[in-house]
Amino acid sequence: MKELLNRLISHETISTDEAKQVIFNISEGKYNDTQIAAFLTVYMMRSITIEELEGFRDALLELCIKVDLSAYNAVDLCGTGGDGKDTFNVSTTSSFVTAGAGVKVAKHGNYGVSSVSGSSNVMEYLGIKFSSDAGFLEKCIDQANICILHAPLFHPAMKNVGPVRKSLAVKTFFNMLGPMVNPAFPKNQLVGVFSLELARMYAYLYQNTDKNYTILHSLDGYDEISLTGETKSISNNSERILKASDFGVSELKQTEIAGGGSVESSAEILTNILKGKGSQAQNNVVCANAGMAIATSRNMSPHEGFAEAKESLESGKAFDSFKKLQKLSQN
């Protein structure tokens, strides 16, 4: 590790194979917490290369506990987090709206590191069971159209990193990796990233896979469609700038999509929206993101996807998916 750190501090880069080996070494407990923290810190101070990101991704996918949900042709809605915006849990809320529209969802998530409340914090608070049992996950996706894949259960090799990330409490390259390492290997993916540079890296790596994908970055910094400004969208066949008008709605103010200051208030926002008690701004931003997931899965326009998402939310189907998942979690 000493030699590696010296190279990285001297602005050298490492190869894909070397990046893979670092993750393998971390998983085998070869580095102490201080060394891991130093390694993560280097990548907060310099850009990651595509080769390095690819190596880290490949190692995590090789080491993860895999679950085969390929029969469901599911989509994952997952953001990198780390955008510093402290919105409510847009991707998680949008996942239930997507499920309510009849699109199967394999939602990858984790506890918050740089935010008050990550996807898993809210799901856990609301009584959603975390399991790596394939039978349980299939039952969830069959009956509720959605299953929750809590990252630590599927990436045990990374147990040594969790406490370090928590104590650092800022985004690290593991934020960049989260959406790439879903253990169900979903064929459809809506991924939000915290920078334009990372959006381009994702596009480069995804174009060499069989994924059907849409990568999003709001130009004012959000790792999702915020409707507070324009959003860069990169998919298999196109690059475009999305505006609020593409979904038939008006632009929002940033304060209108602010998150709760605690897990409890974040959970309340999510359930209120699904119950039909959300503000128009909250409903629109959720339907825009769910709409893009639906559009990605069903090969339709953002406007058409938005209409399906809105119907899912307003008809109560989104809340039904949530209630079914809650009920399955109690058995």
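Backbone N, Cα and C atoms are what each Cβ position is placed from, and that goes for glycine too.
Features of the protein shown, as given by Swiss-Prot:
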BINDING   Gly79, 82-83, Thr87, 89-92, 107-115, Ser119  5-phospho-alpha-D-ribose 1-diphosphate binding site
BINDING   Gly79, Asn110  anthranilate 1 binding site
BINDING   Ser91, Glu224  Mg(2+) 1 binding site
BINDING   Arg165  anthranilate 2 binding site
BINDING   Asp223, Glu224  Mg(2+) 2 binding site
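For Asp223 (Mg(2+) 2 binding site), none of the binding-site residues have C-alpha atoms inside a 10 Å radius of its own C-alpha, out of His108, Asn110, Tyr111, Arg165. In the structure shown, across all protein chains, His108 is the one of the binding-site residues His108, Arg165 with the greatest number of other Cβ atoms within 10 Å. Spatially close to Glu224 (Mg(2+) 1 binding site) yet at least six residues away along the chain are Gly79, Thr87, Val90, Ser91, Gly192, Leu216, Ser218, Val285, Asn289, judged by Cβ distances under 8 angstroms. All protein chains included, Gly79 (5-phospho-alpha-D-ribose 1-diphosphate binding site) registers 28 other Cβ atoms within 10 Å of its own Cβ.
Cβ neighbour count for Ser91 (5-phospho-alpha-D-ribose 1-diphosphate binding site): 27 (other Cβ atoms within 10 Å of its Cβ, all protein chains included). Around the Cβ of Tyr111 (5-phospho-alpha-D-ribose 1-diphosphate binding site), 20 further Cβ atoms fall within 10 Å across all displayed protein chains. Note on Asn110 (anthranilate 1 binding site): other Cβ atoms within 10 Å of its Cβ, all shown chains, come to 22. Comparing the binding-site residues Thr87, Asp223 on other C-beta atoms within 10 angstroms of each C-beta gives the minimum for Thr87.
The DSSP secondary structure for Glu224 (Mg(2+) 1 binding site) is coil. The two recorded residues, Tyr111 (5-phospho-alpha-D-ribose 1-diphosphate binding site) and the residue listed as 'anthranilate 2 binding site', have Cα atoms 11 Å apart. Rounded to a whole number, the distance between the Cα atoms of Arg165 (anthranilate 2 binding site) and His108 (5-phospho-alpha-D-ribose 1-diphosphate binding site) is 18 Å. In this structure, the CA atom of Asn110 (anthranilate 1 binding site) is 12 Å away from the CA atom of Arg165 (anthranilate 2 binding site).
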